[in-house]
Structures are given as C-alpha cells and as structure tokens.
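Let me begin by presenting the structure, written as structure tokens, before commenting on it.
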Amino acid sequence: MDFSSNSISDENPTTKQNGFLHPKLGSEPARSRSRAAMASPANSDPKVVTGAAGYILEDVPHLTDYIPNLQTYTNPLQDNPAYSVVKQYFVHVDDSVPQKVVVHKDGARGVHFRRAGPRQKVYFEADEVQAAIVTCGGLCPGLNTVIRELVCGLNHMYGVKRVLGINGGYRGFYARNTITLTPKSVNDIHKRGGTVLGTSRGGHDTKKIVDSIQDRGINQVYIIGGDGTQKGASAIFEEVRRRGLKVSVVGIPKTIDNDIPVIDKSFGFDTAVEEAQRAINAAHVEAESVENGIGVVKLMGRNSGFIAMYATLASRDVDCCLIPESPFYLEGPGGLYEYIEKRLKENGHMVIVIAEGAGQELVSESVQSMGTQDASGNKLLQDVGLWISQKIRDHFAEQKTLPITLKYIDPTYMIRAIPSNASDNVYCTLLAQSAVHGAMAGYTGYTSGLVNGRQTYIPFYRITERQNHVVITDRMWARLLSSTNQPSFLDVKGDHEEKEEEETLHQVPNERISKVTSDNNEISHVYPAAC
C-alpha cells in the first residue's frame, strides 16, 4: 500500500471552507468554484478547487457537504497490529494525483484527483457500519477478488462485522436477495471466476434501491460495474444526498474492455490480454500447419479495441489487428483482401485478430439483431468474426487465386469467466482497500481508480462522461502497425477525421473546467504506455 510521508488529519479546520476541502497550496490561497457536470445524471454541482499555477482539484463529495456537525472518530488503523510496522501511514490532506504526467515547464499544473488511502479521522464506528456489496453487468476476471478484499478490508482494518452481498445485481436491492459475507465465507472465492453474488443487466430503479438501503440500515454501498453501472451509482448517490442520509456510495470500475475513462486500466484487463494469447497461439499453430492457412480470432471490445491491441502487441504472431476505432475496407487497393493475399504469398500463413465491435458498419443490415439493445442499453452486435471469416472464404473461392484454409476461434466468454491472474489480484486488492478507506473517511459519490500509478478517488461525473477509446493517431497504435506491418486502412478523409477526434480528446473536457482556468490549454487522459 502507498502511504504518505506525513500524518495530518483531514479534519484540520483551517483547510475546510464552506463544506469544501481546500488544499494548502503555498503562499497563494486556494479558490473553490463549482461548475455543472455536463455528462452526468447527477444533480449536484461538482466540487472543483483551484490553486496556484493552474492547479485544479476535481474533488469528490463528502458526507459533511450535506450533513453538518458529523461526529468523527479516531481511525482504528493506528492501533492495528498489521500497520504497526508502517511509519506515518495516513494520507496527507493535501495529497492529490495529477491526471496528466507529461507537462511543459511553463504549462499549468492541470487537473488532479484526491489521493486514496486511510485518513486520521473516520466518520463511522465499526459497530454502526452495515455495508452492502453488489456486482452488476457482465462478468470480468477479478470480481470475486474485489468482493473478498472489500469484506476482509472492512473486517480486518476497521473491525466491521456486518457486510451484506446483494444477490443478482441492482434488482437484488428491492428483490431483497442478500448473502451474509464474512472473511471465512469469502476466503477462497478469488480462486474462482465469475461472481459469487450473481449479476444482471438493467433492473435499476433508483427510488426502490435507496428505499431498500434506508430500510435495511445500510450506510456503505460498494457498487462494482462498468460505465452503465457507475451511472446508476451516481443516481443512487444523488438520491441518498437528496434524502440527507449518512450513506457512503462508492464505485469500483469493472470492464474487461478497459473503456472507462481517466483510470489507467480496469481490473481484469491484464488477465484478459494474457488469456487471449492462448487463442492467438492456437490460431497461429493452425495457420502455419497448412498451406495458405489463415487463423481468425475474435476478442472482446464492443466500442474499444484495447484487448485486441495489447494482445496483438504481446503475441507478435498477429499479422492484422482490426478494432472499432480504426475503420477498414475489404476490396480494392489497400483493402483487407489485398493485404491477406500479399501476406500469404510472403509467409504462407497469417493470423487476424478482430475486436467484436470492429467492422459493424460493413455487416449486412438485414441481420435481425441490428439496432436492438440489451437490458443495459448496449447495442447488440452482430458476430463480426463469423461474418469476416465467411467473407474471406467467399472472396478467395471466387477469385481462385489461392486455395486457403481458414480456422475461426472465438474465446470471448472463456476469457471473461476465468479467475484473475497475479497482477490483477494485486490491483483488485488495492482498489478494494482504497474504496474502504474512502468510505470510512466519509467520502462518497466517487469511484476508486488508478491514475498514473496512484490510487485515487474520482468523482462519478468524470467516470461517466465518456468512454475510453484507442486513439489511432497515438503512438501506441503506431507501435502496433509497426509490429504487424499491416496497412492503416485510412484514406485522406479518414486520417483527417481521426486527427480531429484526437484534438477533441485533448481539449478541455467541458465548460466546467474551461471556466475554471483559461490558461490550461491541454487537459487530457494519458493512455497506458502511450508516451
């Protein structure tokens, strides 16, 4: 765990004004301003604190923002034997983490987020805490690890004994399906895939959920899910706040596609990339074992091609990677058919990796699922892997230029159902413990996430305002193109459009920030290993 070099209470009255926590920023006093969140269902204004040299802290809500005179308690961690060997383990009140690491010497300090970790004062006593954990949406490696570490963290660090598991996603709140969770009952669940709590899509009724929270006496809610789930968590927080309840609502971002913005990566992503290697290796073996062999592997990636891109870079056996962010075409000069024929003549075999959301505009409009949605509001995609495999077969059968043998592998649901690997297990532990520290310290309405290698608390509106996408004019995509030696499939028009997209991503996210600072001209998310 990452601890500060100072032990100063968050409740220092000199650092608190009008319900907002203000960092001490040297000789120039901090100024707080609020701006309406543009992409969030939230009703309350975000907490934005500004300071010297273009410093911006996008702070998270605190229970004291709407419940005055809350009693504080000494953090029991200071008497915890596990922490007796740690020196000065409380996070400093001023600690924040920059969203952007690479800056110019004369540039503004830019956007920061509150650093995660234990505080000297807490707002809950162990005996009064009734915590609830819920998992929503699709499966992802690491779900059970997060559940385990939330339960164990609450119990071992803070002495919390009452933890409920909400069974079956959001609808479990008002279906009154619960599981009692103890360190003993969750001891081995991290060794299994899936979620011991069950999950579902949709079923979000904010009023009924908060009614259930209130009726059960729940005062800490840990919600594990993707961007849609985090939007639901934001709505729950707003209703809790409207009712004036002493309830901390905490999100833990879960998506195997890695499409949640701001954070470095989502848990389960490393496991997904690692497991995808097995499918790619099998496709490569099949392809190179026959004359003009082609292996096609479909990986997960509804709107973002991160799994496909990183699996391709890790494998080195892939000749072509197709993702949703990079349009491609089949016929004509520079098209996919031409490239396949060229690679087969050069190497005698090739491997194609395609993300599930790639090329959807090329698939026939007549397929029945076109335009329909699942319970979470996600567009139901057509099976682009089967489609492109058949198109390749048909093309070479018609052309009669090369006799090919094509093998299609779809490991998507196998990948997301496995237990998390060592790297993700460690990451899940940090996310869960950080979430617990924040809830006990009275923070609410936030997502626990990793930003530039540091655990942080991110306000819900930043998590839900957009999706994270591969920027195909970024160096990471250029590295992939260099590795596979595939064409970019971009014409002049497409290249121009992508440059405009990149410029948009690197602009100020919304009016909220542009009004806070006029000299911070480049506030953007730094993608993993993109520098």
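Including glycine, each Cβ sits where the backbone N, Cα and C put it.
Taken from TrEMBL, the feature active site, proton acceptor applies to Asp257. Positions annotated as ATP binding site by TrEMBL: Gly138, Arg201, Gly202, Gly226, Asp227, Gly228, Thr229. The Mg(2+) binding site feature in TrEMBL is assigned to Asp227. What TrEMBL records for Thr255, Ile256, Asp257, Met300, Gly301, Arg302, Glu356, Tyr413, Met414, Ile415, Arg416 is substrate binding site. Summarising the annotation, TrEMBL assigns compositional bias 'Polar residues' to 1-18. The compositional bias 'Low complexity' annotation in TrEMBL covers 35-44. Under the heading domain 'Phosphofructokinase', TrEMBL lists 131-437. If you look up TrEMBL, you'll see 1-46 marked as region 'Disordered'.
Across the domain 'Phosphofructokinase' (131-437), mean pLDDT in this model comes to 92. In sequence order, the binding-site residues near Gly226 (ATP binding site) (Cα within 10 Å of its Cα) are Thr255, drawn from Thr255, Glu356, Met414, Arg416. In the structure as shown, the Cβ atom of Gly301 (substrate binding site) sits within 10 Å of 29 other Cβ atoms. The local packing around Thr229 (ATP binding site), expressed as other Cβ atoms within 10 Å of its Cβ over all shown chains, amounts to 27. Among the recorded positions Thr255, Asp257, Gly301, Glu356, Met414, Arg416, the ones whose Cα is located within 10 Å of the Cα of Asp227 (ATP binding site) are Thr255. Taking CA atoms as the reference points, Thr229 (ATP binding site) and Thr255 (substrate binding site) are 10 Å apart. Using a 10 Å Cα-Cα cut-off around Arg416 (substrate binding site), the binding-site residues Gly138, Arg201, Gly202, Gly228 reduce to Gly138. Maximum intra-site Cα distance, substrate binding residues Thr255, Ile256, Asp257, Met300, Gly301, Arg302, Glu356, Tyr413, Met414, Ile415, Arg416: 16 Å.
Cα of Met414 (substrate binding site) to Cα of Gly202 (ATP binding site): a span of 23 Å. The most crowded of the recorded positions listed here (Asp227, Asp257, Glu356) is Asp257, judged by how many other CB atoms sit within 10 Å of its own CB.
Site extent for ATP: the farthest pair of Cα atoms among Gly138, Arg201, Gly202, Gly226, Asp227, Gly228, Thr229 sits 12 Å apart. When the recorded positions Asp257, Gly301, Glu356 are screened for a C-alpha within 10 angstroms of the C-alpha of Gly138 (ATP binding site), no residue qualifies.
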